[in-house]
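Student: Mind having a look at this structure? Questions to follow.
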Amino acid sequence: MPATAADDDALSGAKQVLRHAVQLRRESRRPEQRTADDEARLAVVDEALATTLPRTVAAYLSTGVEPGTLQLVGWLAAHGVEVLLPVLSLGPAPAWAPYGGPDALRLGRHGILEPTTGPLPDGGLSRAELVLCPGLAANRRGDRLGRGGGWYDRALVSADPGAPVWVLLNADEVLETIPAQAWDRPVDAIVTPEALLPCVR
């Protein structure tokens, strides 16, 4: 049976409740625990990519209490991987620019760092062989809870269909059930400090 407007309203409300709960839990984590988890997630990615490094990875620069990515982005670049990062200051349409190092970043919209290297033409994301995306929670079916703006759902439309999408989370953000709607783009794996967890739909 097709989802009704009431169903969508209920799912949207459930998402907001879950977002609030996850954000509170993240804010309660001690800084030293967040640092240790970031290092552990990097080790998980290192092991997962040990045999074959992608030529291009689309990633993001974390902010606030999100699972940290600054060290991960630097690690990828140091290993010769081209890293593409979101550019939010150009408006709601998804745009990406190559990472040019820590000195080629500026503070963009919402206080998020973005590259100063200039955006790629439309469709630039399609050259990424792996996409690392943010999230607040996910389940092993690949349902992902984002912040609610829909930016990544729109952006991933132009990704290479063969490029896996991994979401970076804390272990307690891998849940049994995620309220998902028809337009929510699923992910292929979850990176926690403990493991890379494949998702199966």
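Each residue, glycine too, has its Cβ placed from N, Cα and C.
The structure displayed is predicted, hence computed values, not measured ones.
Okay, these came from TrEMBL:
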BINDING   Lys15, Gln16, Val17, Leu18, Arg19, Arg144, Leu145, Gly146, Arg147, Gly148, Gly149, Gly150, Trp151, Tyr152  ATP binding site
BINDING   Leu61, Glu66  substrate binding site
Student: Where among the binding-site residues Lys15, Arg147 do you find the Cβ with the fewest other Cβ atoms within 10 Å?
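Tutor: It is Arg147 that, of the binding-site residues Lys15, Arg147, has the fewest other Cβ atoms within 10 Å.
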Student: Just counting, how many other CB atoms are there within 10 A of the CB of Leu145 (ATP binding site)?
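Tutor: For Leu145 (ATP binding site), the count of other Cβ atoms within 10 Å is 23.
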Student: Note down the number of other Cβ atoms within 10 Å of the Cβ of Val17 (ATP binding site), including every protein chain shown.
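Tutor: Step by step: centre on the Cβ of Val17 (ATP binding site), count other Cβ atoms within 10 Å, giving 10.
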Student: Including all protein chains displayed, how many Cβ atoms other than that of Leu61 (substrate binding site) lie within 10 Å of its Cβ?
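Tutor: Other Cβ atoms within 10 Å of Leu61 (substrate binding site): 21.
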Student: Taking the Cα atoms as reference points, how far is Arg147 (ATP binding site) from Leu61 (substrate binding site) in Å?
Tutor: 15
